[in-house]
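Colleague: Mind looking over this structure? Questions follow.
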Amino acid sequence: MVLSFILTLVVANFLSIQFGESYIYFAFHQKLVVHSPPENVMGFDTESSDRITQEGEEANVGVENQPREAPNSTSLDQLQTIKTRNWWIWIFVSSGLVVTGRVFSTLLLNFYFVQTGRDVCDDPKQFKGTWLQSMVQNAAFPFTALFAFLWCSLSSNHRKTITSSASSSGKLFLLYISLGVLFAAYSQLYAIGRTHCIFFFWIFTTQLIFTSMFTAIINKHKFNRWIILSVILSGVATGVTSSDDAYNPCEGEGYKMSYGAWCGFFGTVAFSLSLCIMQLGFEKVIPKTESKVSSVMLMQTYASMIATLICLVGLFVSGEFRDIKKDFETFKKGKPLYVLTLTGLSLAWQVMSIGLVGLVCLVSTLFSNVVSFCATPLANILVVVAFRFMDDDIEWFKGGALLAGILGFASYAYSLYKTVKKRASQSETLRV
């Protein structure tokens, strides 16, 4: 964990030295509190008006007496509307991926714990299988790689993406390595914290605090009252329902409890740093990539591949690979369902990760983490329904937590809406 923390700081400083300080501005030099809709949103051909005008002028070079029409304000308004609409569509698509992945990964992980007997306090398996859990969390990268390949094959500008990526291969390699190490670190640390510490879910809630701190320092993120309100509501929503889980570790020895608590703590730090490094990579290393979809998919694919290799080494070095056969044979619902459970769990985690990376690319690190936290109450309520419906009712405060999560998402979305509206108003005023 210390190694990954040092590596992350080195990468952050390296990128800052290479590219300098970066602040996000409105058009016409107004400071942003969040990202504005990018010129090319997730691969759509939504080029800026200045670039369109420039390309039109270049097309007329060498043609004598060629009439040049001034850009029509109506056309510019339509172009901006299309850009903004596509940006919002991809935000909701990515948010849907996060919610879907969060719900299914939570349900399947709890199902795995119950069916393998890890919910029994006296079972020695309770503290085992952490390397397998962390490896499964990243092992579905071939699915992401296939999707990226198909997207690049269908995209008309994939050649330019490949060229731009090759020109900065050294920086991309350093970026992917650091993200892969962080992925493996927080996956393993979270797995240990979940199985060793009964207070893990309250420690997990501090992830939002670390993300806010790191994104303010590393990404120069600006806060307003709507963003602060969103952070508070999403944190409350997760904290209230944090104990609603079908699997809770039993109170073991003091050293195991302390060990799990520290692992959970450093896991939140590693996860928060990974999101900030992602945003730094999108802003500094690959800012001119034509297809945002392919850049998101490639980042997730390479980082997950590196994390999987690290976890695979840990699985064999620790000797936990011997327990896989026992779990396979003693799975209560049968061997085929054991394989389907791990496969579905891996795919669900990958879907959630793709959504998180997409939101980092489209908006910010903080918004990505807020959406993840806002989805937690829904996932935990469904866990109660699926695993403890007869023993635990859905109290009013759980419904309140779900409402707080929805309001937290709405608060941040309203901040984005105000930002986009203000930018459009300023642009229209200057054209007039």
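Just so you know, glycine gets a Cβ as well, placed from its N, Cα and C.
Taken from TrEMBL, the feature transmembrane segment covers 6-28, 87-114, 134-152, 173-192, 198-219, 226-247, 259-282, 294-317, 337-363, 370-390, 396-417. If you look up TrEMBL, you'll see 55-75 marked as region 'Disordered'.
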Colleague: Let me check one thing: do the transmembrane segment (173-192) and the transmembrane segment (294-317) come into contact, meaning three or more Cβ pairs under 8 Å with sequence separation of at least 6?
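Modeller: Between the transmembrane segment (294-317) and the transmembrane segment (173-192), which are separate recorded stretches, there is contact, as judged by 3 or more close Cβ pairs.
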Colleague: Check the transmembrane segment (87-114) against each of 198-219, 259-282, 337-363, 370-390, 396-417 and return whichever range has the most CB pairs under 8 Å.
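Modeller: By the under-8 Å Cβ criterion, the transmembrane segment (87-114) pairs most with 337-363.
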Colleague: Do at least three C-beta pairs under 8 angstroms join the transmembrane segment (134-152) to the transmembrane segment (370-390), pairs 6 or more apart in sequence?
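Modeller: The transmembrane segment (370-390) and the transmembrane segment (134-152): touching, no.
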Colleague: Should anything in the same chain at least six residues away from the transmembrane segment (259-282) have a Cβ under 8 Å from its Cβ atoms, list it; otherwise answer none.
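Modeller: Contacts with the transmembrane segment (259-282): 1, 4-5, 8, 11-12, 15, 175, 178-179, 182-183, 185-186, 189-190, 192-197, 199-200, 203-204, 206-207, 210-211, 213-215, 218-219, 249, 295, 299, 356-357, 360-361, 364-365, 368-369.
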